[in-house]
Amino acid sequence: MPTTIQAISAEAINLPLTEPFAIASGAQAVAANVLVKVQLADGTLGLGEAAPFPAVSGETQTGTSAAIERLQSHLLGADVRGWRKLAAMLDHAEHEAAAARCGLEMAMLDALTRHYHMPLHVFFGGVSKQLETDMTITAGDEVHAAASAKAILARGIKSIKVKTAGVDVAYDLARLRAIHQAAPTAPLIVDGNCGYDVERALAFCAACKAESIPMVLFEQPLPREDWAGMAQVTAQSGFAVAADESARSAHDVLRIAREGTASVINIKLMKAGVAEGLKMIAIAQAAGLGLMIGGMVESILAMSFSANLAAGNGGFDFIDLDTPLFIAEHPFIGGFAQTGGTLQLADVAGHGVNLA
């Protein structure tokens, strides 16, 4: 059978960043990711990327590589056309190794769509071939924040995402003021990365409203386990609230919809894998929740995969696929073409990323 999986390999790739990617819970200076290759019996090669982010998920490059090695036995000799059945087997075998499973699923789907000469965005629904991404200002002082905002606008990117720590509301507000003054037309997505409690989150939102700071989304202000607090902030803040760390599975999204924990779901494939991500999207859309597409610190490979999913499926209100802009060196060619904030997908087989 030409679509039988014949070979699988995993290779550590260490991608230097242009600046440390800092969030409230930690920072990275190098993206310690894993390149995954799946080869079919007809010679078709699919590429995937696993991007563990220890500060968020606890997963590491070493652990991810080991998980991929263990999972190979579930896939070798299997028909990639049954990828969702294979994804379920991977989830059952290594549920906690989400990045490893995601990298394998990406590589399988890239191989499948390359075999059939189909663009990945067509496979996911063909709704669109274009997205508009934001760019992130990582944690730092007011001077860094203002300079970063000006640099983002100079790139032609219109929306800005801001990482805040949540510990000192006055400090977070000072940074937002500096960003707003430097980029007065830019809508702001504020990512709290679980750093606030209810009192600080509501005080922060009240101040943003009083000062007319254009925050269009407040992402995961509270810790994952504070479901009641997230619901309170969603109900009382007056702003759209996104669940990121709180939305790691389809079950989580169902609970969010039932309990009013958030109004937007941030889909990051590295949190759950591709098959589970599609379930999360379906539940969110059925429940009337907004959608955001994001990622860990990923190269053009994984980001292009996510872009194909978001554009092909449609319905995503917030696009946060900017981490390739922070990667100084990588071994890839192809992927989405970026002009300003516009990401344009090509009509090529698979996700369009190849090894240089």
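Any Cβ shown, glycine's included, is placed from N, Cα and C.
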Further binder of substrate named by Swiss-Prot next to K161, V162, K163, K268, D320, L321, D322, taken from the candidates T136, T185, T339, T342: T136
Annotated companion of D191, E219 at the Mg(2+) site, Swiss-Prot, chosen from D168, D172, D244: D244
Which same-chain residues, if any, lie at least 6 apart from L321 (substrate binding site) yet have Cβ under 8 Å of it: L131, T133, I293, G294, G295, M303, S306, A307, A310, L343
Neighbour count (Cβ, 10 Å) for V162 (substrate binding site): 25
